[in-house]
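Undergrad: Please find one structure pasted underneath; my questions will follow.
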C-alpha cells in the first residue's frame, strides 16, 4: 500500500474471514517487525476468537483479535496499517472489542504491549487501562527479547466513549 493510494474513506469494521488472511498478513508485516504468522490467525478463527478487520474499498487496513473466558477478555492483537495510524482507528477497534466483551459479560480486559510501543501504551492508558505487571522477555526483538507491560481495565466501571471514567453522581 503506497502513500499515493491511501484512501480517505472511513474504514468499516467487519468479522474476519479465512479468505482475508493474505491481506491480514500484509497489514501485519507492514506494522510489525515480528508479525504473527498466518497459522496463528487461522487458529484464532478456528477456535472462535472474536476476529475483526477494518476494510476500505482498497482493502484491509487493520485488524483486532480478542479471546474470552472466565469473565475476562484478552486483547491479543490490535493492528492498524502504518499509513492509517493516528486517525483514531486503534481507539475505535479497542472500544468496539471492549463493548463486545461487556456484552458477553466480561468483567476485566487484559492485554500486553511492548515496552517500546509508547504510542500504543498511551492509547491504552487513555482508554482506562492500568499497568498491573511486566512479562520479562515476552516479545522477540532484534537483539534478544523485549519485555511486555501487562495492562488491565475493569469493565464493570462505566467509561465514556473516549475511555475516561464517568464522574460519580
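From the backbone N, Cα and C atoms, a Cβ is placed for every residue, glycine too.
Annotations in TrEMBL come from automatic prediction, not curation.
Taken from TrEMBL, the feature active site, proton acceptor applies to 112. The active site, proton donor annotation in TrEMBL covers 124. Under the heading acetyl-CoA binding site, TrEMBL lists 86, 87, 88, 89, 90, 91, 117. Per TrEMBL, domain 'N-acetyltransferase' is recorded for 11-156.
For each listed feature, how buried is it and what is near it?
TA: Secondary structure at residue 112 (active site, proton acceptor), as computed by DSSP, is strand.
Listed in sequence order, 94, 111, 113, 151 are the same-chain residues at least 6 apart in sequence whose CB falls under 8 Å from the CB of residue 124 (active site, proton donor).
Taking a C-beta cut-off of under 8 Å and a sequence gap of six or more, residue 86 (acetyl-CoA binding site) has no contacts in its own chain.
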Undergrad: Do me a favour and check the Cα-Cα span between residue 112 (active site, proton acceptor) and residue 91 (acetyl-CoA binding site); whole Å is fine.
TA: 16
Undergrad: What three-state class does DSSP give residue 86 (acetyl-CoA binding site)?
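TA: Coil, per DSSP.
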Undergrad: Find, for the listed binding-site residues 87, 91, the residue with the lowest Cβ contact count at a 10 Å cut-off, counting only other Cβ atoms.
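TA: Result for the binding-site residues 87, 91: minimum number of other Cβ atoms within 10 Å at 87.
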Undergrad: Looking only at 88, 90, which of these binding-site residues has the biggest number of Cβ atoms within 10 Å around its Cβ?
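TA: By the 10 Å Cβ neighbour count, 90 comes out on top.
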